[in-house]
Amino acid sequence: MLSAIWTGFVTLFLCSFVQGAPADNVLPSAASFYVPSIPGIIPNPDYRLQIYAGHLPAESNKTLLASNDVTAHLYFVMVKNRRVADKERVVFWFNGGPGCSSFDGLMMEVGPWRWDGQPEGKESFIVKEGGWEEYTTMVFVDQPPGTGFSFTSTDQYAKTMKDAQWHILEFLRNFYQVFPEVLTMDTYLAGESFAGQWIPYFADAILESSLQIPLRGIAIGNGWMDARRQYLSYLDYSLKMGLIKDNSEDWKEVKAAHDRCEAHLEKLEGDPIHIRECGSIIMKVINQKRPDNEKGEKMCLNMYDVRFTDTSPACGLNWPPEMHAITHFLGRKDVVRALHAERHPGSWVECRRPVHRAFKDGEEESSITVLPRVLSKIPVLIFAGDQDLICNYVGLENMIKSLTWNGETGLGTVETQSWSVNSTATGTWVESRNLTYVKIFNASHMAPFDLPHVTHDMMLRFMGVNFSSIVGGSAMIPSSLGDAAKPVFVGGHLPQPSTPALPAGKTPEQDKAMWEAYYNAGSAALVLVLIMLVIGLFIWYRRRKSRLQLPSNQSGELAEESIPLRSEMEDRGGNGVSNGGAWKGKARASEPVFEVGDSDEDEPSPYRKPDGGGDRNV
């Protein structure tokens, strides 16, 4: 009796002080996601960053899961805008795959910092101009579950676009509960490569949902969207770019693969995302015979930037060179802790192959079938770096020519305009019936990596930013579209901005987040002390009671709590390159099968079932 009373007292005492694990429908506060600093990111006093990061559930609390399944969580990093133009805007950024982390976009393309060039182990990153966060809040999302720092059970990886749509809607539902102010911002989705599939499907789901998100447009860079046209573009692109010579032996091999693909497409129904029978075309292009390098290694064409070569069979998978430093950086425990990513066991990898393989099982219709429906509701930007082979501009232009939307096929008779940034010819620009197509000169598969200021200007124009309302930073870079030049104020004639640039130091919002975080940390420490005190008293009481009682002949053995998940993960270097070959890039160059999106090695999963069952389809 006394034991029961004591147990009840302890329970009530603990409940009065301890905030336990939140229920499925209880989310952490915004302050708990606040990132005051990141080790290895060299701050710039002129560019004050507000960063929030962490995991949010990507499943409804009504979802029926097995007892040993993990609730899917997506990981995000939000960088709030440093300056405000005419209105608040937010861009959700997605990289490709399937299974590739949006840290590619954050660390190398549209984020606020760049690698300093130091070797792996000594790397740091410098905050500098060119990031899209200057005038726009950026949210980088690792999806589907299992990608980057996101996690789920291995048998719960997304298998279809519907799975991925559902996860992103649940994530957004929770995201807006934590950050309700973002729901009032003009919203855009952007990304590249296989995000050409994700983004139209996500936009369609958002527009049909009850979330009431003010989605104003989507932007896709060098996207994989229309397999029928894009596979058949490799021959034409290679000839235009001088990668092969007409009627040469190389041309004959590429042409034979092209003809086999074309014959297969004539019999094929529907618009699938991948067509295995067509994958050999690009392999014929990149694997033309070339002289060995000085180390005697075989060389091939970089499929993401045809200005470069790479060792075989990587053929671009070793590019960009920043990836090794980024992978090492994101493997540091202090960085993982600062980014609130500890819940993800094991090392970060750029692209996770089991996620990639699980998704490919579905018989999926390409996003080209969804795009006309999206175009009937919101503007769409398709941009293409002209040095990319794998998702080249020729294929995208052929796609647009054959696409029917808003009552017509193709762009029609609209005029293509010249576009320049900083007095340099940058590309061409054309708009028709909600579709904007931009070809960017001297840019690769990752156009923002090559030309950050150029792609930033492009995005500001697409979002309709009033250039007269912004000053400082990129506002000082001249640009023009056709005959219309962006207003640039110089000398002593700068007007007062509609909303001034954010000053150095912390804003009231940051101070609030910081003090709330301190308060939570102090409260947690106090609670921990009280818990230890109560537990100590309880143990003392139990030991004293056991000395006064007769020994029990009942077995005191307790079944160990069933732990449904195993958290081991082999560390194979974390660089996305397996012992058996190169897997870093957006395709598997060792196989004659075209796949947009990186794939890492077959690593043991952190969420493997306790019966020893392996990853699905691995």
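Using the three backbone atoms N, Cα and C, a Cβ is placed for every residue, glycine included.
If you look up Swiss-Prot, you'll see S193 (among others) marked as active site, on the strength of sequence analysis. In the three-state DSSP scheme, S193 (active site) falls into the strand class.
The annotation active site is assigned in Swiss-Prot to D388 (among others) on the grounds of sequence analysis. Cβ neighbour count for D388 (active site) (all protein chains, 10 Å cutoff from its Cβ): 28.
The active site annotation in Swiss-Prot covers H445 (among others). In the three-state DSSP scheme, H445 (active site) falls into the coil class.
Per Swiss-Prot, the feature region 'Disordered' maps to 551-618.
Taken from Swiss-Prot, the feature topological domain 'Lumenal' covers 24-520.
As annotated by Swiss-Prot, transmembrane segment applies to 521-541, with the evidence given as sequence analysis.
For H445 (active site), other Cβ atoms within 10 Å of its Cβ number 30. Looking just at the topological domain 'Lumenal' (24-520), the mean pLDDT is 91.
When Cβ atoms from all protein chains are considered, those within 10 Å of S193 (active site) total 29, not counting its own.
D388 (active site) sits 11 Å from S193 (active site), taking the CA atoms of both as reference points. Rounded to a whole value, the Cα-Cα separation of H445 (active site) and S193 (active site) is 8 Å.
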